[in-house]
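**Q** Here you go, one structure.
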Amino acid sequence: MPERALPVIAVLATGGTIAGAQPDATAAGYKAGSVGVGELLAAVPQLAAIADIRAEQVANVGSQNMTHEVWRALALRVDALCQDPSVAGIVITHGTDTLEETAYFLSLVIRHDKPIVLVGAMRPATALGAEGPANLYNAVALARHPDARGRGPLVVMNEDLHYAREIQKTAAAGLCAFASPNRGRAGVMHGGAPQFYSRNTTAHTTESEFSLALLERAGWPRVAIVYAHADLQDDLIDFLAGAADGIVLAGVGDGNATDLAIDGLLRAAASGVAVVRASRTGSGLVARDVELDDAALGFVAARDLNPQKARILLMLGLCVTRDPQALQRFFDRY
Ligand code: SIN
């Protein structure tokens, strides 16, 4: 019998701790983005049995240094690979610090249903017990699996599966650093196959009305995040209103802040700067028109989107409109 060809999986490397190297295998310090994609793949020879890997190095940075420039390059490459019928799925290796932002960004600008899987590691490639190779194996196994199709970008870490919109880095260190706090993880990898627990119920990819082209035309609107705290003053908000197209409030509780700060945000909104209220708490719903009268103030409620993802959706929304009600509809949908 002729041997069946293995599915082609594109692995796009961007750096991160998964590609990190340290002076010795037990050292706490290391440099993210030190190891190239060839070396990453060489650590997982088992991949040769499940996929025909096509590797590319898109960047090699610690993801604290992720930029819109890298997002542009990554989105263009992912889009091209999605259109290539010979490619079954795409894996992106990424630092864990901003992995959730890149995943959410791609979920809104890539309008294809091909499996896209992001993966990282908390331990560097050279560490004792590095989990990167197992994560990478699972990522490739997921990207070639038919159940991964049509769910938007997925993240696999520690055998857990997360939807791009839901995942959040919830711990600065340690292996269990990721969760999907509001809607729960999407599923698990078991024996190299995904078991999904839920559908992705928010709009993404093929339903998205956003695109990279839209961002390029609009010049990537600038959105700042203000982190609320006791005694937050309004002078920095006034400054940001002069420098940004939009402001996301990482508010206390239900997306709130001092009266002084809310007055500053009101002035910002009145001057045409879009204002979105999110919460710094890490989970829960910022309800519209409850703690603050968004309709009267001209604000938008982020619902259960965290501030760093609200920044991305606002940036994309501002390519289309500055009207708070129209922006709110985006936050209700994506
Ligand atoms: C990074 O985000 O590149 C550093 C941290 C990590 O990958 O765990």
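Quick reminder: no glycine exception, Cβ is built from N, Cα and C everywhere.
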**Q** Per TrEMBL, what member of SER63, SER86, SER107 joins THR96, ASP97 in binding substrate at one site?
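**A** Looking at SER63, SER86, SER107, the one TrEMBL places in the substrate site next to THR96, ASP97 is SER63.
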**Q** At the level of the C-alpha atoms, what whole-angstrom distance separates SER63 (substrate binding site) and THR17 (active site, O-isoaspartyl threonine intermediate)?
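**A** Per the Cα atoms, SER63 (substrate binding site) and THR17 (active site, O-isoaspartyl threonine intermediate) stand 9 Å apart.
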**Q** Roughly how many Å lie between the Cα atoms of ASP97 (substrate binding site) and THR17 (active site, O-isoaspartyl threonine intermediate), rounded to a whole value?
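**A** Cα to Cα, ASP97 (substrate binding site) and THR17 (active site, O-isoaspartyl threonine intermediate) are separated by 9 Å.
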**Q** Three states by DSSP: which one describes SER63 (substrate binding site)?
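**A** DSSP call for SER63 (substrate binding site): helix.
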**Q** Between THR96 (substrate binding site) and THR17 (active site, O-isoaspartyl threonine intermediate), what is the CA-CA distance rounded to a whole number of Å?
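**A** With distance taken Cα to Cα, THR17 (active site, O-isoaspartyl threonine intermediate) is 7 Å from THR96 (substrate binding site).
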